[in-house]
Amino acid sequence: MFGGLLCGVGMISAAFCTSILQLYICVGFITGFGLALNLQPSVIIIGKYFLKRRPIANGLAMAGSPVMLCTLAPLNQFLFDNFGWRGSFLILGAILLNCCVAGALFRPIGPGTAPVKTQVTEEGKDALKGKITEDGPMENKTEEEGEKDCFEKVNQYLDFSLFKHRGFLIYLIGNVLMFLGFFAPIVFLAPYAKHTGIDEYSAAFLLSILAMVDMVARPTTGIVANSRWVRPRIQYFFSFAIAFNGTCHLLCPLASSYTGLIVYSSFFGLAFGMVCAMLFETLMDLVGAARFTSAVGLVTIAECCTILLGPPIGGILIDTFGDYKYMFIKCGAVMVLAGTFLFIMNYYNYRMLAKEEKERKAKEEDPKSVRTENEGKKNWNKDSTQDGPELEPLREKGEGLKKEMNGTNEA
């Protein structure tokens, strides 16, 4: 809801700007920050609500974006022609305020339940803390606890241990590479059409075609990804979608007429929808729902750099060569490379996971290793229950409970 408020304020403020620097602050910073606050909760909350049909839920939720994109291109042109750019910002700001209403509909599943700790557990922890204090200097312990508490607070919001997670690192590298060519074709599609001699409304209509196909592709991809044949190996499907997206861009320069651009926009919308529908589902499949919040934050931070660099690099190529085809070739090559990388590395990851699972099962079935583990547990329990004045209250309390139970049984 706060993100929706920032979006509305940023766009409405842009209507009163008098310089490009002010537009950077209002549209770029304030509205961009608001959109970030809108995206993260809407993605995370799907994982809170759904498990069995989560890919379908992701696909349907992501289908909302192309619905707006489908109408936004001609709407922007209409608003600009009738109300000017200042009036357009005012109207768009009012539309974005509806994000507050959407945020108000995010309801918790149920009341939060904190784990209840018994008095005996608390006394045991206090006793163990006392024992540790006697064994070591108080100053060193306080410093270590302070550092640990600080790290735990940071780790509560951003779980940096994910950088040791093999699947997460594969996903992160592949996506960072992919986003170098992901958004630039959308930015330059309408200008490319105008460059070939197509009028403004027909050029804007190409984005509408892309969005309409995208709108159908996202939920359809979610249904396919949720099937029992695809979901266990959804990472391969995601890799294929990225490579397919890049192939469309590589073939775009062959489309020299308006009909060819319509065909390109249709296939581009299909590939774009496939990637967007699985973008966060594949991440949740790798790290699990419990660590998904931190994973989304870390991935977004890393991806923003390449998202920011993609369109300017495409613009530099267009200015340098005076032709749009080099921009499309660059985007296509990068995305095919990213898709190939993800396919190969996910194959390696699946093989390693299968090997680790096999070793775990073999270890569980081996009676010798099980006996060794049980002996270790017994020794640990023996050490942890040594006689000592610190644990005397706990022992007395336990003996009292036993006497009470014996008396009840006798009665």
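Placed from the backbone N, Cα and C atoms, the Cβ positions cover glycine too.
Annotation comment: TrEMBL describes 358-385 (among others) as compositional bias 'Basic and acidic residues'.
The compositional bias 'Basic and acidic residues' annotation in TrEMBL covers 392-405 (among others).
According to TrEMBL, the domain 'Major facilitator superfamily (MFS) profile' annotation covers 1-350. Across the domain 'Major facilitator superfamily (MFS) profile' (1-350), the model assigns an average pLDDT of 83.
Feature annotation from TrEMBL assigns region 'Disordered' to 358-411.
Taken from TrEMBL, the feature transmembrane segment applies to 12-35 (among others).
The transmembrane segment annotation in TrEMBL covers 56-75 (among others).
Residues or ranges marked as transmembrane segment by TrEMBL: 87-106 (among others).
Marked as transmembrane segment by TrEMBL: 168-189 (among others). Proximity of distant same-chain residues to the transmembrane segment (168-189), defined by a Cβ-Cβ separation under 8 Å and at least 6 residues beyond the stretch ends, is recorded for 162, 203, 206-207, 210, 239, 242, 245-246, 249, 252, 261, 265, 268, 272, 275, 279, 282-283, 286-287, 295, 298-299, 302-303, 305-307, 309-311, 313-315, 318, 324, 327-328, 330-335, 337-339, 341-342, 345-346, 349.
Per TrEMBL, the feature transmembrane segment maps to 201-217 (among others). Residues 63, 65-67, 69-74, 76-77, 186, 189-191, 193-194, 258, 261-262, 265-266, 268-270, 272-274, 276-277 of the same chain, all 6+ positions outside the transmembrane segment (201-217), place their C-beta atoms under 8 angstroms from a C-beta of that stretch.
Distant neighbours of the transmembrane segment (237-256): 174, 178, 181-182, 185, 196, 221, 224-225, 230, 263-264, 267-268, 271-272, 274-275, 278-279, 282, 324-325, 328-329, 331-340, 342-343, 346; these residues of the same chain sit at least 6 beyond its ends, with a Cβ under 8 Å from one of its Cβ atoms. Sequence annotations record features per position, and here TrEMBL assigns transmembrane segment to 237-256 (among others).
Away from its own ends, the transmembrane segment (262-280) comes close to residues 43, 46, 55, 58-59, 62, 65-66, 175, 178, 182, 185-186, 189, 206-207, 209-222, 225, 234, 237-238, 241-242, 244-245, 248-249, 251-252, 255, 296 of its chain (Cβ-Cβ under 8 Å, at least six residues beyond either end). Marked as transmembrane segment by TrEMBL: 262-280 (among others).
Per TrEMBL, the feature transmembrane segment maps to 292-314 (among others).
Taken from TrEMBL, the feature transmembrane segment applies to 326-348 (among others). Here the transmembrane segment (326-348) has long-range neighbours at 170-171, 173-175, 177-178, 180-182, 184-185, 188, 192, 235-236, 238-253, 310, 313-315, 317-318, 320, meaning same-chain residues at least 6 beyond its ends whose C-beta is under 8 angstroms from one of its own.
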Outside the transmembrane segment (56-75), six or more residues from its ends: residues with CB under 8 Å to it: 42, 46, 49-50, 190, 201, 204-205, 207-208, 210-212, 214-215, 218-223, 225-226, 269, 273, 276-281
